[in-house]
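Notes for the one structure printed next.
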Amino acid sequence: RYEPTWGSLDARPLPAWFDEAKFGVFIHWGVFSVPSFGSEWFWWYWQKEKREPYVKFMDANYPPGFSYEDFGPLFTAEFFDPNQWADILKASGAKYVVLTSKHHEGFTLWGSKYSWNWNAVDVGPKRDLVAELATSVKNRTDLHFGLYHSLFEWFNPLFLEDATNAFNTSKFPTSKSLPELYELVTKYQPEIIWSDGDGNAPDTYWNSTGFLAWLYNDSPVRDTVVTNDRWGAGSICAHGGFYTCSDRYNPGRLLPRKWENCMTIDRGSWGYRRDARLRDYLPIEDLLKQLVETVSCGGNLLMNIGPTHDGRIAVVFEERLRQVGSWLQVNGEAIYGTKPWRAQNDTVTPGVWYTFTPKEGKVNAIFLNWPVSGILELGEPRAKPGETQVKLAGYRELLKWVALGEKGMVIALPQLTPQQMPCQWGWTLQLTDVD
């Protein structure tokens, strides 16, 4: 059994499925999807920081005295089709999904009894969005279902009172935050609890270790659940399950602990933005580069989309997810279930990243640029003449190669027309019998 101490909790082995999964989809959806302007931090930037673009936007488009709470009934989700979402998630090749059950605004996407009249069952859609998506994901896909939950809430009076008392009182966590977490786990049995938003309060204020001890010892998901590292000020990149360290974290090197790179397809926001331009969305080449770099360094990629207030996954997000899925259909063996190799990237040719498939003893060299010469030089693998074989994923025949002394090899790529290419962006060489 785990004690409610970081020493004990940090020693829990991470359930194996998470490392094998490699790729997940993050979904930021909430009342902030109604103004869908600027950022999911809309309420904070408008009311607290009074940032000019947000104030102007409200003055120009809403009547005087319109409050953020007034956006609640406008969060309608009339086009939300959880089966369609599940099918898009499946097509993306992702192995897990993380939905924002509650962001810093405090609005819960399920009918929480601890969030009276500020939840999706009482206000807006009048639907339990968490339950609907959980059911569709479980029935239509093999994805693991996860939930994001913000510990703090910007404007909750109980939290503000505790903050004024330098967190020596704990009215907010005992009456709101912790009960919600227990409710989420008991009701929906998520396999990921993605905590966030510590409000500059320490983990002792949140009683994070007490909750995690229950989660790992006695909860219905104790054997399979994974958690991140955002459990109070100072715990990020130090305690918890896998490390996130920061948003869009991509160290470019191997880390001693399992980590995740959570990032957004829209460079400027996690929530949906009506004011986004095409150039704000990362192209597929950039997304695959992130995926390959992250996995080769031992991380998972959690790629975020923001649905609209009426429950649609915008076409641009759907296209990106389906593109990743089509790439993974060809190159998935070099991603899923792999381990980091002794070298993460090549020393001679830039844009080449390595993974290792333990079952077949295969080294995967994923190259992001197809060389004009048709010849690819790799500086890292030690090939064995007469034994080493080189295959291009999605192409039948073995490739010809020459060893370069003790280390390194030159590989002749097949001459293919664009139609014959196994995929359009990023290709995998599978090397067997190399050191």
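Glycine is no exception: its Cβ is also placed from the backbone N, Cα and C atoms.
Positions annotated as domain 'Glycoside hydrolase family 29 N-terminal' by TrEMBL: 1-333. Mean pLDDT for the domain 'Glycoside hydrolase family 29 N-terminal' (1-333) in the predicted structure: 98.
According to TrEMBL, the domain 'Alpha-L-fucosidase C-terminal' annotation covers 344-432.
Look at TrEMBL and you will find C262 tagged as site 'May be important for catalysis'. Every protein chain considered, the tally of other Cβ atoms within 10 Å of the Cβ of C262 (site 'May be important for catalysis') stands at 23.
Taking H, G and I as helix, E and B as strand and the rest as coil, DSSP gives the domain 'Alpha-L-fucosidase C-terminal' (344-432) the counts 0 helix, 37 strand, 52 coil.
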